[in-house]
């Protein structure tokens with residue numbers, strides 16, 4: 001339950017002048033000359049102070065004969081829900097084909113650009129621009145997966161033209177649209193299998209860097225898993241440089257005090273990359289819960305989505321999804337087996353004690 005606060009009328013007026021969204025739910029203000037009452041954060045033009053009166057809630061303002069503002073809808077009981085509704089509306093506007101600027105978006109949801117940007121990021125964990133880019137990337141993937149042409153897919157995703165897409169092609173899909181459509185066609189990926197302390201390991205590398213580190217017990221299963229990631233990629237020869245890279249990866253997997261300095265080719269959605277980036281900040285020897293990880297990226301309600309992002313990790317140990325446990329501290333699922341997860345955590349705990 002929200003704790004009641006005692007504000008003077010002068011303090012309330014300052015909140016109205018600042019259009020402070022944090023004051024929503026604390027009180028409403030009414031304007032005698034218009035007969036309308038509003039939330040403190042309402043974007044309507046300010047009235048003169050002498051024409052403004054304050055009420056504890058919408059019920060009192062209604063009882064005094066005032067009408068609710070159609071713009072800020074102060075009669076809604078839950079101010080937090082009201083703000084969430086605005087962000088939800090902003091998300092739907094960002095998902096339209098026509099790009100929208102922050103200023104235009106703020107105007108449509110009746111907020112200042114500054115407050116919208118801050119509240120949007122606090123609610124979704126992403127900026128409005130990043131949300132729009134992630135949505136475009138999703139639509140592009142879906143369209144390409146359906147067999148649509150590259151040009152049609154680019155336009156359907158909301159890019160104004162092909163050149164706008166190609167300037168951001170690498171960060172949108174991690175490869176060209178044509179390569180994505182054909183399962184990584186013409187994408188050179190080399191791989192090697194080796195033993196490590198955790199069993200068999202498959203290390204794969206693209207032109208951009210290490211793109212997969214997979215663990216298992218059966219070579220055929222590991223190769224099949226890689227082929228599902230890049231079904232049409234070319235199998236590049238394993239040259240001496242790549243063999244050295246494989247040795248560095250194995251050394252890093254076997255000894256956690258040997259950090260991997262090789263470039264990584266991390267491919268995933270904007271949300272997945274956000275989760276994976278947060279995972280890499282968890283210190284060796286420590287664990288967090290899925291809820292704590294969701295909180296860390298600013299999305300406390302996205303616990304299941306966070307767990308799915310952990311399960312989609314393609315770079316075992318380097319992106320340490322094994323450091324995420326249930327809320328009660330017990331081990332949950334792990335892409336490469338719960339027993340490996342337990343082994344990794346024991347090893348890291350022992351290393352920290354030395």
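If you go along the chain as it appears here, the first residue is 1 and each next one adds 1.
Here the Cβ of each residue, glycine as well, is placed from N, Cα and C on the backbone.
The feature DNA-binding region is assigned by Swiss-Prot to 102-121. Taken from Swiss-Prot, the feature active site, nucleophile applies to 38, 321. Among the features that Swiss-Prot reports, DNA binding site is placed at 34, 43, 45, 67. Positions annotated as region 'Methylphosphotriester-DNA--protein-cysteine methyltransferase' by Swiss-Prot: 1-171.
Taking every pair among 34, 43, 45, 67, the residues recorded as binding DNA, the greatest CA to CA distance is 17 Å.
Cβ-based neighbour count (10 Å, all protein chains) for residue 321 (active site, nucleophile) stands at 23. Within the same chain, residues at least six positions away from residue 34 (DNA binding site) with a Cβ under 8 Å of its Cβ are 47. For residue 67 (DNA binding site), the count of additional Cβ atoms within 10 Å of its Cβ stands at 13 [all protein chains shown].
One residue stands out among the binding-site residues 43, 45 for having the most other Cβ atoms within 10 Å of its Cβ: 43. Across the DNA-binding region (102-121), DSSP classifies residues as 16 helix, 0 strand, 4 coil.
Looking only at the recorded positions 45, 67, 321, the one with its C-alpha closest to residue 38 (active site, nucleophile) is 67.
Counting in whole angstrom, residue 67 (DNA binding site) lies 53 from residue 321 (active site, nucleophile) by their C-alpha atoms.
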